[in-house]
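Grabbed the feature section from Swiss-Prot, which reads as follows:
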type	residues	note
REPEAT	63-93	repeat 'ANK 1'
REPEAT	162-191	repeat 'ANK 2'
REPEAT	195-224	repeat 'ANK 3'
REPEAT	227-255	repeat 'ANK 4'
REPEAT	256-284	repeat 'ANK 5'
REPEAT	288-317	repeat 'ANK 6'
REPEAT	321-348	repeat 'ANK 7'
REPEAT	352-381	repeat 'ANK 8'
REPEAT	386-413	repeat 'ANK 9'
REPEAT	417-449	repeat 'ANK 10'
Amino acid sequence: MGLYKLYRSIYIDSDEESLSAIKDFEMLEGYDPYTRDRIEEIIELNRIIELDDDDVIYDQIYFPYNPLHQVIEARRANLVEIILDQGKYTVNSVNDDFIFYPLHVLTCVPETSDVLTYLNEIEEFTLVKDLELRACKMNLSKSISIAIIKQVLKGIREFTDNDLRKLDNQIREDELKIAQLLISRGAKLDIKNEYGYTPLRNTVINGNFALTKLLLDNGADASIKCNGMTIFEISTLSQNVDMIKEIIKRCGYNHDSKILCRVASKGYINVIHFLLDIGFNVNSFDSFGETPLHAATRSGSVETVNALISYGSTVDIKDNIGSTPLMHACGNKDISKLLIEKGADPNISNIHGYTPLHNAAAYGSVDVVNLLLSYGVSIDAKDKIIGSTPLDHGVHHPEIVKLLLEKGANPNTINLYGYTPLKNAILKSRLSAEYIIPYVVLQDFSILDGRNMPGSGINMELIRNDKLLQNIKTSCEIELKRMKEIRISNRYSLDIFITTSNIKFLSRLVTNDKFSSINISSFPIYKSLLQNAINSAIELRKCLDVALYTINSRLENTLWDMLPIEIKNQIVLLLDNTDLSIISNSIQHSQN
């Protein structure tokens, strides 16, 4: 009987079968439950086991190789009592390597993936995690994961909400029974494991209200700090407001500025509401100058961010380096959008000159980059460290490079080290470098003195020294030459649509009948730029035509009628997007 077979038996088999498995295991020659001999099997996995929450990942391998610890982990209350009655183990039998006592095992919740790995059932991970998520949304205990695993291993794959509630009630009953048994036989309540954690700390952070009350009622010392945190601070990480209230009733609470920040970073919105309602400062800050709003942006929870703002959190408050919550949120579009809608400045920079766009580009967040650009942020803003632009920061994300260039980013900027975005891209992402070449060539083609620009010169030298990049450059030049040869008016060729950003000007050219005969797909390198420019020009042309029609209708039989159509068109071109929107809305209003 190997160690893993025993572990599996305890999770799957009947009491009688598991007891037989334990007996067979203990009969192995040289077995000593208080040595590490058997753990050699476990070390081969070389895994890190997370026992309870995201804040605490044990940096060594833990496995309940003591049979008493195994039956406690599996919450086998009957087996715990039988094994203790046999006298081979005591309520204070300890795993010497981790100083894990039975109460530590009971008050921790093992990581699902590790349990399934030991059971050789990792293929059930998705099913079990989905069920755990359902249980979490139902506010059931974390320990239900153990009950779920045992049921799934028995072949049960469908669970109603009522089934999950029954499992939760049973696991809670088993835990209380085991705890009462251990305590009644003299288990040490305040013993610390290798990391300084007590059983009380574990029950509190895991939100196990019943076990917490039991330990406190039996004299567990609530004044012991773990990692410098009071039991109240630990309770705020449990997500269980009833737990927090119980701790406050018994032990009081402190107003450490880090508490609300820590909770906000987890997105525990119910705890946030409770803490703010009892007087915590929504604009408190930690040693880094971060407020709860800064921390909440990392939680991924829009609801948490919105709640803090509703309590009066300052949206553009700065931390010690001048970064605002928006700068921390640049990997999440929904949170970034909410902050801007609530008044956050998308163009703000910190003491290093980083803007939200720098951060969004570095994160590789296409959605946030698009969002920020829609608010007119400076696309070529340089930081104060080495003069890098958002394009420089995004070179390791090809999709970001492509987007920024399409939106007008300058590929010929130079930082303080003499690096251009192309040089950075060659070092970090070959695909990004290939995306940059067409824009370097286009800028060189568009600006008469482009060859005298320092950045252009550096980029052209880089291209000359790379055969593949040189081939891309040649293909770009061929396309541009062909566009130059396609006349769309007496003065302009097709290339004007990618060499100017003046959409109003292009809207005057796009009405030319020659466009219907142009095959945009024959320009694969610049197709996207061409198509976007043409579409934007067509859309604006439609808006201008509607505006002109509306003005003609409203000013009929006035001096306006005497103006030549050319003058009218020039006047309409002076209207900005706001004016055009007002006119469009007035039409819709009159139609309604």
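Cβ from N, Cα, C; glycine included.
Quick one: where do these features end up spatially?
Taking the repeat 'ANK 1' (63-93) as a whole, pLDDT averages 91 in the prediction.
Panel annotation: around the repeat 'ANK 3' (195-224), residues 52-53, 55-56, 58, 101, 103-104, 106-109, 141-143, 172, 175-176, 179-180, 183, 189, 231, 234-235, 237-240, 242-243, 246-247, 250-251 of the same chain, lying at least six beyond its termini, place a Cβ under 8 Å from a Cβ of the stretch.
Mapped onto DSSP helix, strand and coil, the repeat 'ANK 7' (321-348) counts 13 helix, 0 strand, 15 coil.
Only residues 6 or more beyond the boundaries of the repeat 'ANK 9' (386-413), in the same chain, are considered here, and those with a CB under 8 A from a CB of the stretch are 355, 357-362, 364-366, 369-370, 373, 379-380, 419-422, 424-425, 428-429, 431-432, 435-436, 439-440, 443, 453-456, 458-459, 501, 528-529, 532.
In the repeat 'ANK 10' (417-449), the DSSP tally of helix, strand and coil residues is 25 helix, 0 strand, 8 coil.
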What parts of the chain pack near the repeat 'ANK 2' (162-191), using Cβ distances under 8 Å and only residues at least 6 beyond its ends?
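Same-chain residues near the repeat 'ANK 2' (162-191) but 6 or more away: 72, 75-77, 80-81, 84, 90-92, 99, 101-104, 106, 131, 134-135, 138, 140-141, 143-144, 146-148, 151, 198-200, 208, 210-211, 214-215, 218-221, 224.
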For the repeat 'ANK 4' (227-255), what does DSSP give as the number of helix, strand and coil residues?
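For that range the per-state counts are 16 helix, 1 strand, 12 coil.
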Kindly report the helix/strand/coil residue split of the repeat 'ANK 1' (63-93) according to DSSP, in that order.
17 helix, 0 strand, 14 coil
Using a Cβ-Cβ cut-off of under 8 Å, list the residues of the same chain that are 6+ residues beyond the ends of the repeat 'ANK 7' (321-348) and lie near it.
289, 291, 293-294, 296-298, 300, 302, 305-306, 309, 315, 354-357, 359-360, 363, 365, 367-368, 371-372, 375, 377-378, 381
Summarise the repeat 'ANK 2' (162-191) by DSSP state, stating how many residues are helix, strand and coil.
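For the repeat 'ANK 2' (162-191), the helix, strand and coil counts are 23 helix, 0 strand, 7 coil.
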